[in-house]
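Q: The heme b b562 binding site annotation in Swiss-Prot covers His83, His182 and rests on similarity to another entry. Look at Swiss-Prot and you will find His97, His196 tagged as heme b b566 binding site, backed by similarity to another entry. Residues annotated as ubiquinone binding site in Swiss-Prot, with similarity to another entry given as evidence: His201. The transmembrane segment annotation in Swiss-Prot covers 33-53, 77-98, 113-133, 178-198, 226-246, 288-308, 320-340, 347-367.
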Amino acid sequence: MTIIRKKHPLIKIINHSFIDLPTPSNISSWWNFGSLLGLCLIIQILTGLFLAMHYTSDTSTAFSSVTHICRDVNYGWLIRYMHANGASMFFICLFLHVGRGMYYGSYNMIETWNMGIVLLFAVMATAFMGYVLPWGQMSFWGATVITNLLSAIPYIGTTLVEWIWGGFSVDKATLTRFFAFHFILPFIITALVFVHLLFLHETGSNNPTGLNSDADKIPFHPYYTIKDFLGVLILLMGLMILVLFFPDVLGDPDNYTPANPLNTPAHIKPEWYFLFAYAILRSIPNKLGGVLALILSILILALLPLLHTSKQRGLTFRPITQTMYWILVADLLILTWIGGQPVEYPFIIIGQMASIAYFAIIVILMPMAGMIENNILNLD
């Protein structure tokens, strides 16, 4: 068996990636989220495949086809809610994975980090298009509002929006193409995941100390396969509690009303995992400025390697930057809350303050804290 594992052209790739992979001996549970994201992707592809067997991407039948899945298909309700809540679990794992990378300085592995940012954009695009497919009120108006943002692009904006819509409004053509893209993107994401892993295995994993761990490596299997399996059990338990007891807690009641272009919902808002970016978008009165801020809210992650000023890699031994980091986390929670609130006083000003704080902490305060800590270390 050992000979096959190490010699077979196909199996040896798996062997070098998941079995004999030299791994730092001290990586904590924060390193579990990579494998959990892989699990989420598999769950989403499988449940999505079975949903696609019964779904029809036509404006006249899309809403009723989802109802049909829930009522008439064997365990259709389970597949549908696993897919919807699986997306939420996916984003929880994504945010924790990115947060771990920021805390421990994993962004210094630049190729892996940039590939991760591309993956984040791809997953966000997929989730957005998936939200349009049930063709409820929030699906329709969410699609209208978000695609309309592209009209802020000078000169070509309006033409671009109509090209994406396939007409003069969000309609049948839009729904059909969104379904096509929503189906293909997870497979593109899977390919990108392998590239992400390829870059990661070039450098090896980071660890909580931020130090070189070449002198202290252990094989991935059985140590981290067992550890990852525990994470898998916890994730699946959390997902099934959500699906079986609170399936609609993260959804919007408006999406149980069929799409109606003549009736605008009181508060148009995306799923909870986009609310922080939506709050940043809304906090700028200018349309183009809002769109740029929205894109920058994610793209700013690519600047982290350039903004790293500390002599140490992670935040483990850096209390000042640690404080800034946790203020940033609190700020993101505030933005998420604001994104779900109506556009009125005092939410507008809170959103604007939180948006300024978000960019200021990342671009100014954290690099400054790193330099202050360097100076403290130099004091005799």
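Note that Cβ sites are derived from N, Cα and C of the backbone, with glycine treated the same way.
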Q: For the binding-site residues listed here, His97, His201, which shows the highest count of neighbouring CB atoms within 10 A?
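A: Top count of Cβ atoms within 10 Å goes to His97.
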Q: Taking only the Cα atoms, work out how far His83 (heme b b562 binding site) lies from His201 (ubiquinone binding site), in Å, as a whole number.
A: 30
Q: Compile a sequence-ordered list of residues in the same chain as His182 (heme b b562 binding site), six or more apart from it, whose Cβ lies below 8 A from its Cβ; state 'none' when nothing qualifies.
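A: Those within reach of His182 (heme b b562 binding site), by Cβ under 8 Å and sequence separation of 6 or more, are Gly48, Thr126, Met129, Gly130, Leu133.
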Q: Looking at 33-53, 77-98, 320-340, 347-367, which one has the highest count of Cβ pairs under 8 angstroms to the transmembrane segment (178-198)?
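A: Stretch with maximum Cβ contacts: 33-53.
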Q: In the same chain, who gets a Cβ under 8 Å from the transmembrane segment (226-246) while lying at least 6 residues past its ends?
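A: Counting only partners 6 or more residues beyond its ends, the transmembrane segment (226-246) has Cβ contacts under 8 Å with 29, 32-33, 35-36, 39-40, 43, 78, 81-82, 85-86, 88-89, 93.
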Q: Looking only at residues six or more beyond either end of the transmembrane segment (347-367), which have a C-beta under 8 A from one in the stretch?
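A: Contacts of the transmembrane segment (347-367) (Cβ under 8 Å, skipping residues fewer than 6 from its ends): 279-280, 282-284, 293, 296-297, 300, 303-304, 307-309, 321, 324-325, 327-328, 331-332, 334-335, 338-339, 341.
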Q: Which whole-number value in Å describes the distance between the Cα atoms of His97 (heme b b566 binding site) and the residue listed as 'ubiquinone binding site'?
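A: Given the Cα positions, His97 (heme b b566 binding site) is 17 Å from the residue listed as 'ubiquinone binding site'.
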Q: Sort His182 (heme b b562 binding site) into helix, strand or coil using the DSSP assignment.
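A: The three-state answer is helix.
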